[in-house]
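The next block holds one structure in the form of structure tokens; read it before the comments.
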Amino acid sequence: MTAQILDGRATAAAIKSELAERVKVLADKGRVPGLATVLVGDDPASHSYVAGKHRDCEQVGISSIRKELPADVSQEDLEKAIDELNEDPACTGYIVQLPLPDQIDTNAILERIDPAKDADGLHPTNLGRLVLNVNEPMTSPLPCTPAGIVELLDRHGVELKGKHVVVVGRGVTVGRPIGLLLTRREINATVTLAHTGTQNLGELLAQADVVVAAAGRPHMIKADQIKDGAVLLDVGVSRIEDPETGKKKLTGDIDPAAAEKASWLSPNPGGVGPMTRAMLLVNVVESCERAEGILQ
Ligand SMILES: Nc1nc2c(c(=O)[nH]1)N[C@@H](CN(C=O)c1ccc(C(=O)N[C@@H](CCC(=O)O)C(=O)O)cc1)CN2
């Protein structure tokens, strides 16, 4: 068996063209969605992700605002930037690019974002709504990577109902929130959250119908650890040296040889990353649609 590809680039492109139509409807009503990004420091990966977010906005007709702050910014100055965006009517949603430098209290920053403008779905109020609303339709933004994973599987016809999903990694953007999403009644998966302290990862992986690998450890999940026909979502990103060219390249947490045993695989790059960006745009558009009464 060779895995079929969960094509994040093509799926994200389809979502963006659907969103461009929805943005036109909003524009006809005089409402232009505006995404702001707050970027702290010089990390090249963070700069590249944020640049991608602004390109995406341009493609679908969302206006965008950039705030860049130095790596040694104080908590107070970063909070001032947050307060300005909370007050700015041109900014209908925004994100603070993570990770933030060590001197910053990240949780305090996430809590300071106006929950109505929280385009990442990471404000405690919005995460709390995900905890509380097991049955009801969600009317608040969802964390982008978990939402992107669900959308990617759904658009490829991969069913999650009744499946055992093993998530590896407990970070705030993926591992912790994804269980809340996958165990909603409309999805109805069973989720095990594994992490660096998990003693029996091998046993868990051997039982998994679906593996979400979000640990950021290159090729940690091997073919001999997974079930025949498992669905593999490769989320973690690392930069490793390509043995053929000697140059650095992006790779994921799943050993490429596992593709021979899996039924579906999201490549990395080209899988969950582009979906994360697409779902950010969905959050921005939906929050404007709610403000216009187009969406519940
Ligand atoms: N505030 C946030 N910070 C971070 C998030 C997040 O969702 N919100 N997630 C990650 C980074 N991230 C978005 O911010 C992100 C990572 C990767 C990609 C992506 O499209 N990757 C491409 C490859 C990109 C390349 O070639 O360099 C792929 O997978 O194909 C998008 C977004 C941490 N921080």
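Each Cβ is built from the backbone N, Cα and C atoms, and glycine gets one as well.
TrEMBL annotations:
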type	residues	note
DOMAIN	6-120	domain 'Tetrahydrofolate dehydrogenase/cyclohydrolase catalytic'
DOMAIN	143-290	domain 'Tetrahydrofolate dehydrogenase/cyclohydrolase NAD(P)-binding'
BINDING	G169, R170, G171, V237	NADP(+) binding site
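Feature map: annotations from TrEMBL on the structure.
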residue : record               : contacts (Cβ under 8 Å, 6+ apart)
G169    : NADP(+) binding site : G175, A194, H195, V212, A213, A214, A215, G216, V235, G236, D253
R170    : NADP(+) binding site : R176, L193, H195
G171    : NADP(+) binding site : A214
V237    : NADP(+) binding site : A45, G216, L250, T251, G252, N268, P269, G273
| remark: By a three-class reduction of DSSP, V237 (NADP(+) binding site) is assigned coil
